[in-house]
């Protein structure tokens, strides 16, 4: 499990949509680092430092306030579930709620900022005109594809796992659930692309970014834009599977204890919070650039890794406690064969993350090679007429 944790952390760190911009001094990387710090501290119950880290992140990138809500909300859901499991009195809930005071103070500061800034998220006079709020629903579809592309071996593992489940069951429930998930995700993606595609003038004018070519050669041609919809649908279904399958993958009939069912619903609440945060961050964003997709992809990767690690730890505990006959741990009945399956699943997760790390090292090397070794002539920008440096391809 420790090896799986380290590999998952390495894979998240190597996400190109984040790491590519770090040496270029974009603010997205420090904002994500601070937001992840806030998330970790909130889950540890250290709400004062968590709120301070979240406030610092929002100072760097204003949309980090959404990740603050996600961090505090997820911690609150977990605290409420623990109290409910213990059947704690009302006074315990009040005491737990009081610990979230620092988050409320920072939230009030966010509201004061919005009022003082005329209701705009962006700072500066140009922010209102150039970065105004839009209904850019297609960004969510792009983020699903970006996650699948940045975690291709892990996404492939879930696809293969679903296919294997279908084969073992000869169709049945696994096939129905998978087909329904892909169909629903594809339908949502089709609606998002049809009514939520937005090509910002900056994207259409800046030929340094890969988004420029995607917008011109794919989004600008109706048939090609429609052809991407199934890709988004499959990617979204796999992204959901990555955060849901490790917790909900055990057959429901083998869940024996109420605590296990409660844990699954808490996990579902976390996924719902994460999805809401992704939508809240991406949909109002007018620009389609890789760096705007980075934070949602990273946070989704953290959620997927956390689900994998927790499932692996549960399997390891069950394996360590097995004895003669069936064993029940964490609400799941386990026998010798199931224990062997558990060890196999942990090994498969570890191999998938190891492959993801190698894959991302290659991808990052390729992106940087193109950036450094394939410059192209480009006229100076209007706001920087003295800059005659060549253009370089960027995410």
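Including glycine, each Cβ sits where the backbone N, Cα and C put it.
Any TrEMBL annotation is an automated prediction that lacks curation.
The following features are taken from TrEMBL:
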type	residues	note
TRANSMEM	7-26	transmembrane segment
TRANSMEM	65-85	transmembrane segment
TRANSMEM	97-116	transmembrane segment
TRANSMEM	136-154	transmembrane segment
TRANSMEM	174-193	transmembrane segment
TRANSMEM	231-253	transmembrane segment
TRANSMEM	265-285	transmembrane segment
TRANSMEM	297-313	transmembrane segment
TRANSMEM	352-371	transmembrane segment
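The list of residues near the transmembrane segment (174-193) in space but at least 6 beyond its ends in sequence, with Cβ under 8 angstroms from a Cβ of it, reads 137-138, 140-141, 144, 162, 165-166, 168, 225-226, 228-230, 232-234, 236-237, 240-241. Note on the transmembrane segment (97-116): residues 42, 45, 47-48, 50-52, 54-55, 58, 62, 65, 68-69, 72, 75-76 of its chain, located 6 or more positions outside it, place their CB under 8 angstroms from a CB of the stretch.
If you look at the transmembrane segment (7-26) against the transmembrane segment (136-154), you find at least three C-beta pairs under 8 angstroms, all six or more positions apart, and that counts as contact.
Taking residue pairs at least 6 apart in sequence, the transmembrane segment (265-285) and the transmembrane segment (65-85) share three or more C-beta contacts under 8 angstroms. Across 136-154, 297-313, 352-371, the stretch most heavily in contact with the transmembrane segment (265-285), judged by Cβ pairs under 8 Å, is 136-154. Panel annotation: around the transmembrane segment (136-154), residues 11, 15-17, 185, 189, 191-193, 195-198, 228-229, 231-232, 234-236, 238-239, 242, 278-279, 282-286, 288, 290, 292-293, 296-297, 300-301, 304, 352-353, 355-356, 359-360, 363 of the same chain, lying at least six beyond its termini, place a Cβ under 8 Å from a Cβ of the stretch.
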